Amino acid sequence: MSEPARLISPEKRGEDLDITLRPQSLDEFTGQAEARANLKVFIEAAKNRGEALDHVLFVGPPGLGKTTLAQIMAKELGVNFRSTSGPVIAKAGDLAALLTNLEERDVLFIDEIHRLNPAVEEILYPAMEDYQLDLIIGEGPAARSVKIDLSKFTLVAATTRLGLLTTPLRDRFGIPVRLTFYTVEELELIVRRGARLMNLPMTEEGAREIARRARGTPRIAGRLLRRVRDFAEVARAEAVTREIADEALTRLLVDNVGFDQLDKRYLNMIAVNFGGGPVGIETIAAGLSEPRDAIEDIIEPYMIQQGFIQRTPRGRVLTAIAWKHLGMQPPKEMEAAQFRLFQEDD
């Protein structure tokens, strides 16, 4: 994105890698109750049988804990954990180097697997299914096929764009897990746990204020907590109260629902320039000077989940909640137009 320092971006940053704040077991992990319960069963069953866990695919917006869950799974299985990402595996040799170094039942985590090179993906199929690598050595008439046996491993992959995965790859994951945005109550527990680990006194109201503005995303909650701590320490506050959190986040231009300036530009552009919509994603991307992928992956998911925008066959449309948040009145014809659009959407 053109604004990499955006405070509420769910994309990973160096400061987010603080392992002291990360849960170390499924019992410590807050939220995603159904996914955690199922993973516990699958892990226990694999351990009892002495087998590698089936391959796991995590699907969901960034910042919800896919990497953390993969690390916890390896820890609870009692095996090694290796991590990489789709764009990093440029050629078949890169993947072969990773796979041949795995020991029995190890966990290999591939983030952003939807960005995997298609040529590399072809090599991954037999590795996942038969625990074998089929490599072509040499070129031309001298080329020959070589089969390499692999240790039985577990591939844990993560994607924000399930639709970009090919069907053959998607079908090779025995355990698909969809992660959803967290509730304010779950995020409040995460914030309070983080504050305890930081030895930062905090009231329940202070924790809730941070949680309300964290866009349903633990990674953002942790980042906001660190910045609020800075304000509290400089102000020599005895504890982080609701007032301290509100002042800090307001000064950081994060509003009461977790929107920043880019979110407001998005909503304002649709409201002012296009009468509330419908407007196509390419037009929005051009108007904001942001890549389409960034808008679809980073900006829109939380807005859609919270009911601020509606995706229709003809484009994005602001809802009544969005107009109220902007402090604007929708055009008089908007209600009837939206009704027709939603009928088409059905």
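We number each residue from 1, going along the chain as drawn.
Backbone N, Cα and C atoms are what each Cβ position is placed from, and that goes for glycine too.
In three-state terms derived from DSSP, Y182 (ATP binding site) belongs to neither a helical nor a strand segment and is classed as coil. The ATP binding site annotation in Swiss-Prot covers L21, R22, G63, K66, T67, T68, E129, D130, Y131, R172, Y182, R219.
Taken from Swiss-Prot, the feature Mg(2+) binding site covers T67, and the record attributes it to sequence analysis.
R316 (DNA binding site) has a Cβ environment of 23 other Cβ atoms inside 10 Å. Taken residue by residue with DSSP, R316 (DNA binding site) is part of a strand. According to Swiss-Prot, the feature DNA binding site maps to R292, R311, R316.
Here Swiss-Prot flags 1-182 as region 'Large ATPase domain (RuvB-L)', drawing on sequence analysis.
Per Swiss-Prot, region 'Small ATPAse domain (RuvB-S)' is recorded for 183-253, and the stated evidence type is sequence analysis.
Under the heading region 'Head domain (RuvB-H)', Swiss-Prot lists 256-346.
A distance of 22 Å separates the Cα atom of Y182 (ATP binding site) from that of R311 (DNA binding site). Annotated DNA site R292, R311, R316; additional same-chain residues within 8 Å of its Cβ mean position, judged by their own Cβ, are G280, I281, I284, I295, E296, E300, I309, G315. Counted over all residue pairs in L21, R22, G63, K66, T67, T68, E129, D130, Y131, R172, Y182, R219, the record's binders of ATP, the longest Cα to Cα distance measures 38 angstrom. A C-beta separation below 8 Å, combined with a sequence spacing of at least six in one chain, links E129 (ATP binding site) to R172. Geometry remark: L21 (ATP binding site) versus R311 (DNA binding site), CA distance 36 Å. Spatially, by CA atoms, the binding-site residues G63, T67, Y131 include one closest to R292 (DNA binding site), and that is G63. Across R292, R311, R316, which the record gives as binding DNA, the greatest C-alpha separation is 15 Å.
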